[in-house]
Amino acid sequence: MKSFVISVAAVGCIATAAFAADIEPTAVSYEDGAVSQSLSGQPGDAANGRLIVGDKGQGNCVACHQVSDLADVPFQGEIGPMLDGAGDRWTEAELRGIVSNAKIMFEDSMMPAFYKTEGFIRPGNAYTGKAADDTFGPLLSAQQIEDVVAYLTTLKD
Amino acid sequence: MKKYAGAILATLLTTTFAAADPVDDTLVLNEETTMVTRTAAPAHVSDALDEVMSGWLFRGTETRAMQADDFDNPGMIFVEQAQEVWETADGSEGKSCSSCHNDMDSMAGVKATYPKWNEAAGEVRTLQMQVNDCRTNRMGAEAWKYDSGTAINMEAALSSVSRGMPVNVAIDGPAQSTWEMGKELYYTRTGQLELSCANCHEDSYGMMIRADHLSQGQINGFPVYRLKNTKLNGAHSRFKGCVRDTRAETYSPGSPEFVALELYVASRGNGLSVEGPSIRN
């Protein structure tokens, strides 16, 4: 767990230093739950997005969703719908909105908001059980969101 | 060939899904006591659930079998250790638990009613709080740390003599405000993942969350012996782990919040048999 916290912190620093053009989590504008502009100002990398979706230490989307394309990732959860065909059902802007803050598209959704930093009750410092400190950031960086969105758009039936 | 591989994959998927529902099985303890592992939801949760189910129904065949026989249940080793502590004098008064309470069997039925309102103290007490009251005020001994080995072993011993009796905690009268606080905590979405107990254990039980098979999060089986850490674990420690997993700042075992949550969660299982010490992965 420690190494995860450190790697996230490191990613955070690089993101702030290198991509000052990121739209801040507090400044994202949603239209009917969708976000039209790239959060990092850059296109996403679908191959990296694929890793993030399946990785326990990153998006861990498979905790709740099954993805046939990720058949190599064991133990996929059943809480949310299967993501197969998500790229047909949703536009890129809608997918960006869903991943950034799904609760705007789906009221009271169980899906966590991956690009949000405010409005939590008792936010913690990752999985330590301790209170959040000043390293607190969104679950995924702007570029990671873009990568995930790029991957989701490839999921066509 | 392709077709054949497809058939295997289909079978694998079906098995995964089948494994996700609670099993249709009956827990008979030591071949004599039939446990109630599912029953109609008590009135105060009937708006949310039709049936309440023991966590036992959500575990694998081997884990379930281990709990059915005291000789196979590693939790019973800790019960035996507590049995010795029960008879050992401690503290300035030179008394043991048995000095006042005789045999452990005299405690049959007690665990089923805890947490419980204590009139003299004007508070809802968990079993561990009550035991510590006896230790500090009647034995002149030190309080045991909440959910520590000695404390949880004693709770398991007290539970073991109530096994098979229905959980029956009172939620009205003076306990009501504590119960309501517990309910509020149960439905509050905490942490960066914004998940409440209800999201996982009321809305999603029976489903897989990554590699974990979600139960209703009942505590009739507590304390639980976990194969993962090979010791007995208390309900508050489990709550703490679950809250931590929402990426939240947790409460501590023994805190007023977890006492209230324990009362509320216990009340959701009113009618299920006391099972502790049970076995979990």
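Along the chain as shown, residues are numbered 1 onward.
Even glycines carry a Cβ here, placed using N, Cα and C.
What TrEMBL records for B:1-20 is signal peptide. If you look up TrEMBL, you'll see B:81-167 marked as domain 'Cytochrome c'. Residues annotated as heme c 1 binding site in TrEMBL: B:C97, B:C100, B:H101, B:C134. Annotation comment: TrEMBL describes B:C197, B:C200, B:H201, B:C242 as heme c 2 binding site. Here TrEMBL flags B:R238 as substrate binding site. The feature active site, cysteine persulfide intermediate is assigned by TrEMBL to B:C242.
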Rounded to an integer, what is the Cα-Cα distance in Å between B:C134 (heme c 1 binding site) and B:C242 (heme c 2 binding site)?
31
Can you tell me how far the Cα of the residue listed as 'substrate binding site' sits from the Cα of B:H101 (heme c 1 binding site), in Å?
30
Could you break down the residues of the domain 'Cytochrome c' (B:81-167) into DSSP helix, strand and coil, giving a count for each?
43 helix, 9 strand, 35 coil
By a 10 Å Cβ neighbour count, the lowest-scoring of the binding-site residues B:C97, B:C100, B:C134, B:C197, B:C200 is B:C100
Cα-Cα distance maximum in Å, computed over every pair in B:C197, B:C200, B:H201, B:C242 that the record assigns to heme c 2
11
Translate the DSSP assignment of B:H201 (heme c 2 binding site) into the three-state scheme.
helix
What is the nearest of the binding-site residues B:C197, B:C200, B:C242 to B:C97 (heme c 1 binding site), using the Cα of each?
B:C242
Once the chains shown are all counted, how many other Cβ atoms turn up within 10 Å of the Cβ of B:R238 (substrate binding site)?
21
Just going by other Cβ atoms within 10 Å, which of the binding-site residues B:H101, B:H201 has the emptiest spot?
B:H101
Rounded Cα distance in angstrom between B:C100 (heme c 1 binding site) and B:H201 (heme c 2 binding site) is 40
